[in-house]
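Per Swiss-Prot, these features apply:
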ACT_SITE  S91  active site, phosphoserine intermediate
BINDING   G17, L18, P19, G20, S21, G22, K23, T24  ATP binding site
Amino acid sequence: MTTYKCIEKGIVVWLTGLPGSGKTTIATRLADLLQKEGYRVEVLDGDWARTTVSEGAGFTREERLRHLKRIAWIARLLARNGVIVICSFVSPYKQARNMVRRIVEEEGIPFLEIYVKASLEEVIRRDPKGLYKKALKGELENFTGITDPYEPPENPQLVLDTESNTIEHNVSYLYSLVKAVIE
């Protein structure tokens, strides 16, 4: 039986950035570190959400807002029960991220907005799912960074530059911030 460290209230760590910037990689590595220490951790990411709780959701502004509202409530419910919730979502609009923050913080749960930064040129080069290639050919509508805007956070708690720094460096930096908040 696994023994968990109990924290009264969890925390929501919200990673935002262009598709392919490294959000999910950072989220899963951070989760591994925290789980090894005995914390209860859940990673919520866009691929998982769009095949489960938001199956069939599209990519218009309205659909994205509705989708992220669902995720915010799931994160809030988990965090109020002592879970560290690491969310990895493009969440391209300032309006959406502010909505998520309000939903989480009205329960008194700490919310960390983390900007996973990579230039458009770099994420096009990486293109792990081939989505930029399709978007540039006009095969995908409302694709963030190509046919739909990404509004970078104005005052994130942390900026993780995945072009200039290694994954290990970025995870370590974020880990230190999370530990400072939960301890």
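Cβ from N, Cα, C; glycine included.
Features as recorded by Swiss-Prot, highlighted on the structure.
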residue: G17; record: ATP binding site; Cβ within 10 Å: 29
residue: L18; record: ATP binding site; Cβ within 10 Å: 25
residue: P19; record: ATP binding site; Cβ within 10 Å: 23
residue: G20; record: ATP binding site; Cβ within 10 Å: 23
residue: S21; record: ATP binding site; Cβ within 10 Å: 28
residue: G22; record: ATP binding site; Cβ within 10 Å: 27
residue: K23; record: ATP binding site; Cβ within 10 Å: 28
residue: T24; record: ATP binding site; Cβ within 10 Å: 20
residue: S91; record: active site, phosphoserine intermediate; Cβ within 10 Å: 29
Additional residues surrounding ATP, by Cβ distance to the G17, L18, P19, G20, S21, G22, K23, T24 centre under 8 Å: S88, V90, V116, A118, V123, T162
Candidates G17, L18, G20, K23, namely the binding-site residues, that fall within 10 Å of S91 (active site, phosphoserine intermediate) by Cα distance: G17, L18
Reduced DSSP assignment, L18 (ATP binding site): coil
